[in-house]
Amino acid sequence: MEEPNRLVEEATTNDMDGQNNEEERDPESNSLRQPLLKRNRTLSSSPFALVGAKVSHIESLDYEINENDLFKHDWRRRSRVQVLQYVFLKWTLAFLVGLLTGVTATLINLAIENIAGYKLRAVVNYIDDRRYLTGFAYFAGANFVLTLIAALLCVCFAPTAAGPGIPEIKAYLNGVDTPNMFGATTLIVKIIGSIAAVSASLDLGKEGPLVHIGACYASLLGQGGPDNYRLKWRWLRYFNNDRDRRDLITSGSSSGVCAAFRSPVGGVLFALEEVATWWRSALLWRTFFSTAVVVVILRAFIEYCKSGNCGLFGRGGLIMFDVSGVSVTYHAVDIIPIAIIGIIGGILGSLYNYVLHKILRLYNLINEKGKLHKLLLALSVSLFTSICMYGLPFLAKCKPCDPSLQGSCPGTGGTGNFKQFNCPNGYYNDLATLLLTTNDDAVRNIFSVNTPGEFHVTSLIIYFALYCILGLVTFGIAVPSGLFLPIILMGSAYGRLLAIAMGPYTKIDPGLYAVLGAASLMAGSMRMTVSLCVIFLELTNNLLLLPITMLVLLISKSVGDCFNLSIYEIILELKGLPFLDANPEPWMRNITAGELADVKPPVVTLRGIEKVGRIVEVLKNTTHNGFPVVDEGVVPPVGLPVGATELHGLVLRTHLLLVLKKKLFLHERRRTEEWEVREKFSWIELAERWGKIEDVAVTKDEMEMYVDLHPLTNTTPYTVVESMSVAKATVLFRQVGLRHMLIVPKYQAAGVSPVVGILTRQDLRAHNILSVFPHLVKSKSGKKH
């Protein structure tokens with residue numbers, strides 16, 4: 001345990017939202033206004049940030065409407081036509097997000113099916129000719145080159161493109177600014193890297209990257225393009241704020257899920273259940289509109305490609321498991337095996353999360369050593385994957401083909417999914433059928449109905465164990481990767497195994513057991529229920545599966561919650577992203593907002609009419625992003641006509657920098673006229689984020705001049721009384737999407753400051769509170785581990 005002074009110093013640095021310090025400091029000489037940790041402005045160049053770094057340097061987003069005089073004036077001036085333009089542009093951007101995501105998803109699927117398909121066709125031909133070593137060399141070499149392409153792009157050009165991207169989207173929609181996550185370079189690397197990584201037969205999917213791609217399109221459309229090539233179209237200026245960008249990214253993430261599974265309703269519910277913190281009915285409609293556009297695009301391309309115009313794409317490339325014509329029957333006795341599937345899925349999902357957490361911590365240590373180590377790690381995983389996928393089918397026994405499958409068993413290089421591998425004519429290798437194929441074909445094979453004897457028990461055990469190992473070692477390397485498909489394949493394998501074990505006691509088809517197994521493992525790992533249920537229903541196109549799917553998902557999530565967090569929450573913790581959970585810790589009710597304010601440095605306030613020198617001094621000596629504006633000697637409208645202290649509002653750091661840059665200075669202490677302010681500023685400029693105080697030049701004479709901060713001050717900031725519990729303040733902070741929350745005193749009296757302190761995201765994080773109030777550790781209960 002560290003000494004109390006050090007604990008207080010750690011806590012007081014946590015409220016500093018953003019950091020510019022680039023030099024190491026001696027901890028012994030550290031003041032309360034200086035950080036103990038060296039922090040950077042951008043995310044770590046490795047796929048995962050420093051493990052265990054509980055204090056995040058990343059800033060929050062300004063979702064709150066800044067109701068200053070300029071905003072109110074602009075709002076009053078907006079005509080009905082301008083409002084209609086704004087609404088029309090929202091729907092237009094939602095359409096474009098769906099259109100671009102759908103087209104990109106189709107092109108990604110088409111590229112993967114052709115690249116992987118031609119690669120596997122050549123391997124099968126070598127095996128048919130008994131040229132096993134040549135086949136392995138070709139298979140491993142092609143996978144090696146494809147992995148190298150994906151890893152080089154991520155390591156050298158866009159480190160933030162590595163991984164699924166969903167945790168960062170979840171953090172952004174929670175109010176955390178995740179730099180460089182939605183840029184044009186990240187988008188391009190994500191597209192090309194996903195194609196290369198999935199085509200390399202790595203145990204990862206394109207579903208997570210598709211969500212990230214949809215969010216990138218939404219962000220770029222909302223801001224008018226990349227930073228260096230933005231469109232200056234006047235209408236787009238309406239979206240130059242964090243609130244509208246948040247809504248667009250929500251639509252983009254929904255479109256990505258829809259593009260991955262052809263599930264429009266499931267995509268909307270995924271955004272609602274998993275990634276979005278803020279939601280309203282208007283956003284629901286626009287998000288659903290985006291996913292509807294995606295479905296139309298996908299359906300059009302599927303119909304076009306059925307005629308053979310897309311190479312090997314054909315009917316593949318999109319997970320399709322249509323059992324609408326299959327009679328699904330189950331009875332009360334089937335509740336037992338269904339419950340067992342749910343329990344196993346919850347246990348295995350939480351175990352998967354636990355082991356993956358440990359492996360990611362190890363990978364972080366390797367990735368921190370440099371770019372070469374990242375590349376070597378990715379290439380080592382690729383080589384290991386190639387050895388396992390090519391070598392393990394030799395352990396499987398050949399199975400005779402079903403006579404009813406005329407011409408398609410065993411499959412040739414161009415048709416059929418049954419791989420002959422090293423088997424004689426009329427026989428197939430069931431393990432090679434699952435391994436030496438594209439991911440989507442593997443899903444269709446293992447989900448297939450009316451095939452109770454298609455896969456041998458030994459092959460399913462090997463397949464399940466292999467994908468457990470590959471899923472753990474593959475996720476975290478420096479390539480775009482998704483978690484959905486590996487978990488689906490693992491869950492479907494143990495679902496098939498359970499179907500064989502329960503065969504004498506149930507009449508449910510083994511293919512449906514595979515579907516339930518995949519759903520249970522996803523719920524056990526990701527802890528999603530409603531969106532997963534709808535995705536699987538839209539995937540299977542059979543409402544008869546609804547009751548048993550719901551039951552499996554509920555059981556799996558409940559069991560998984562008993563052990564640890566969801567996989568995305570674990571990744572958020574590893575990255576050090578200051579995500580605020582919906583449910584504050586119970587012990588947070590034992591501490592008040594005023595007590596948190598007491599352990600922080602005194603709040604830095606500015607007067608309504610302030611000296612330029614004072615503003616420059618505050619900006620140089622602090623890293624806060626918001627400052628209360630206080631007026632003294634104000635005559636109250638009621639009560640005794642004596643001077644009172646008024647909390648006028650909150651002014652942002654970026655607006656202070658804008659004032660200094662525009663030099664709206666006064667020679668005497670007075671209020672500015674409305675026309676003077678509008679002549680210098682526009683609401684468009686207030687939405688921009690300006691640079692640093694070091695970039696602003698102020699002369700010695702200007703230091704003695706004055707600035708009227710009233711027109712730029714948000715006069716309606718959110719405030720809480722100092723006696724409010726931290727738990728209640730956390731709920732308000734998260735639901736409204738705040739960056740700053742002012743604490744006001746419980747008692748108003750002469751000489752009492754109208755503001756006690758400011759709460760920021762870092763102040764409300766459980767770890768930071770416990771570091772200052774260690775006695776709360778004894779009283780905390782129900783804390784998740």
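Using the three backbone atoms N, Cα and C, a Cβ is placed for every residue, glycine included.
TrEMBL entries are annotated by machine, without manual review.
Features of the protein shown, as given by TrEMBL:
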type     : residues : note
DOMAIN   : 713-779  : domain 'CBS'
REGION   : 1-34     : region 'Disordered'
TRANSMEM : 88-112   : transmembrane segment
TRANSMEM : 133-161  : transmembrane segment
TRANSMEM : 283-302  : transmembrane segment
TRANSMEM : 335-355  : transmembrane segment
TRANSMEM : 375-396  : transmembrane segment
TRANSMEM : 460-490  : transmembrane segment
TRANSMEM : 543-560  : transmembrane segment
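Contact between the transmembrane segment (460-490) and the transmembrane segment (335-355) is supported: at least 3 Cβ pairs lie under 8 Å, counting only residues 6 or more apart in sequence. Across the candidate stretches 88-112, 133-161, 335-355, 543-560, the maximum count of CB pairs under 8 A to the transmembrane segment (375-396) is reached by 133-161. For the domain 'CBS' (713-779), DSSP puts the residue distribution at 26 helix, 12 strand, 29 coil. Residues 323, 328, 330, 334-335, 338-339, 341-343, 345-347, 349-350, 353, 512, 515-516, 519-521, 523-525, 527-529, 532-533, 536-537, 566 of the same chain lie 6 or more positions beyond the ends of the transmembrane segment (543-560) yet place their CB under 8 Å from a CB of it.
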